[in-house]
Structures are given as C-alpha cells and as structure tokens.
Amino acid sequence: MIDPSESFEATYAVPMHCGDCTGEISRALRAVPGVQEVTPDLERQLVAVRGIAPPSSIVQALAATGRDAILRGSGEPDSAAVAILESASAGGPPVRGLVRAVQVAPNKTLFDITLNGLPGPAQYYASIRASGDVSRGAASTGPAWHVFEDAVACERASPLGADLCAGSALFVAPLAVQALIGRGFLVGADRGHALAGAAAVGVLARSAGAWQNDKVVCACSGDTLWQERGSARSANIA
C-alpha cells in the first residue's frame, strides 16, 4: 500500500476557459480518493495534482466533467516511466493498454495499469521481463524479472469490439524506476506468467517528471498537443 505521506505531484494539460472551469475541475478532483491538493493554472492550461491517486483516475474524473486531459509529467525528475502495451498476437486492436509508473519513495513504485481491447471478460497477470527486446514480440523478452501476484480484472465491455474487455489496476512494488527503464512489460492470461499466455507487451521508457514537459507543439510532426492527443486516442492510447 501507499502511505499518504508518500504523495507525488503530477501535472495535466486540461482545456480551461474561465474561473468557473477551474472551480468545477477542483471540485471534481478533490472528490477522487487519494487526492490531497489541486492547483489549476488557467493561464498555462495546466492542473497540478498532489496525492496518491493514480493518473488514470484523474483522467477519468476530468472526462466525467466533459474535459479531456493529458498527463504531462509525474513525480520527481527521473522517477517516472511509461509503457505502451501492444498486441502479442495477430488480430484485434494493435494497442491493448498503457502502464504508468511513478516512484513514490526509495525502492517503492506505483504501477497504474490500464487495459482495453483484450479478449474477455478475463483475469490478466502482469510481469516485468528481464529484457526489453521485443523483436519477436513477447518471446524475446526473456524470463520474468518481477511479477505482480494480483490480477488485473478486465470485466468491463470494451468499446473496441464484441468479446473484448477493459480493466485497470493499481499495484505497488519494491522497485526503483531507474531499474525498470528498458525492460519489457508483459500482460497475459497465465497466472504463472509464462510467455505462451502473453496477450500484450511493451517496453518501459523514461517519462517526464512534474513540470518537466511544457511542449505545446511537436518538433517532429508540427502537431499541437491536442492534435497529438487525438491521434493517440485513435490508436487506443488513453
């Protein structure tokens, strides 16, 4: 479990137009379990949230107010990671989920796992692999380096198709983010974390800490922040 004293700050880009917007956002987020402080910045179009609530719950709470949100950074510098989980087999949506990791204390990291588009309803099991080599998909990621014993329950119907499910989970592990970077992250139906049961796989990469990412236009594509968000949503990256 995470102690309230092990809170972290995360920043989110959120469209806001006036003081009424900031008030509604603050009220919605303060109702989320684990949220301790909410600080909207109308001029910068950013909302800072401190607490122990997973980023996915913040994004969901903002969506309930009719607003989109983009996680811009979380935790201290060099204390966050992300993995896009792609299908480990042919067929179905190519992207099956997202993992956000935030270190909240020395050798203690929160894993916010969101799955969407996997066969189900079903129970799925997550593990961090020894290797980040995905040249042969899950088969080349090597043995399990760390396993999460509890299942990710995918019990909601996915909007991506019939007989597909969605679900999320919040896990805590005695790990430092520095040790995670470049490792594979696998989700599968096998409780023993065997490669044969792999459903989705990705590679953990470093992500920005709070206030480290103020980009509004992509230097590569020229797309704005919200154009990139639209492309990500189309690809099932929530």
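Just so you know, glycine gets a Cβ as well, placed from its N, Cα and C.
Taken straight from Swiss-Prot:
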DOMAIN    7-70  domain 'HMA'
BINDING   Cys18, Cys21  Cu cation 1 binding site
BINDING   Cys218, Cys220  Cu cation 2 binding site
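Fewest other C-beta atoms within 10 angstroms, among the binding-site residues Cys18, Cys21, are seen around Cys18. Residue counts of the domain 'HMA' (7-70) by helix, strand and coil are 21 helix, 20 strand, 23 coil (DSSP-based). Along the domain 'HMA' (7-70), the predicted structure has mean pLDDT 94.
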